[in-house]
Amino acid sequence: MKCLLIATGQHVPTWVAQGFAEYHRRLSYWLPLELVEIEPSMRGKNHDPQRAIEDEGRRVMAALPKQPYAVTLDVKGKPLNSEQLAQRMEHWRGLGRNLVFLIGGPEGHSQEVLNISNERWSLGPLTLPHMLVRLIVVEQLYRAATILTNHPYHRGK
């Protein structure tokens, strides 16, 4: 199974890149994850948000492997606690398909991307910078892996 994190945005702040690298390294023992960065559309005072969403959506679609199981990060998705995410991860690994997590740009995902999603996952009602979401996602995937292996990292319940 191949696992991708497709994230719109490049040139992340150093502290995000460092945090991502640390959790990516830790996660690699349980779930090899490849980060694919999608070039964001140009934004300025006269930019058209819908056009940006559609352009980024086309780039995301082009980056997808064949027949992926797509989990889209979406504010309207299902919120999961850490234990629920661990259960979902166990389910996803059992599917035998390429697993893809999709993080959109500042305005979100195109309808085309939402339409191919098998699941939508919400990190909650907070508004988060999309660059920070990649760090949160990789940490939560690592936490889920540690729950599944009874590693002491997760100290819930």
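Glycine residues also receive a Cβ, built from the backbone N, Cα and C atoms like all the rest.
What Swiss-Prot records for this protein:
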- L73, G104, L123, G124, P125, L126, T127, L128: S-adenosyl-L-methionine binding site (BINDING)
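The structure, with features from Swiss-Prot marked on it.
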residue	record	DSSP (3 states)
L73	S-adenosyl-L-methionine binding site	strand
G104	S-adenosyl-L-methionine binding site	coil
L123	S-adenosyl-L-methionine binding site	coil
L128	S-adenosyl-L-methionine binding site	coil
Ask   = Around L128 (S-adenosyl-L-methionine binding site), how many other CB atoms lie within 10 A of its CB?
value = 13
Note = All chains considered, the count of other Cβ atoms within 10 Å of the Cβ of L123 (S-adenosyl-L-methionine binding site) is 17
Note = Out of the binding-site residues L73, L126, the residue with the smallest number of other Cβ atoms within 10 Å is L126
Cβ contacts of G104 (S-adenosyl-L-methionine binding site) (under 8 Å, same chain, 6 or more positions away) = T8, I53, E56, V60, T72, L73, D74, V113, H130
Inquiry  = Below 8 Å Cβ to Cβ and six or more residues apart, same chain only. Which residues does that give for P125 (S-adenosyl-L-methionine binding site)?
reply    = V75
Message = These are the binding-site residues: G124, T127. Which one scores highest on other Cβ atoms within 10 Å?
response = G124
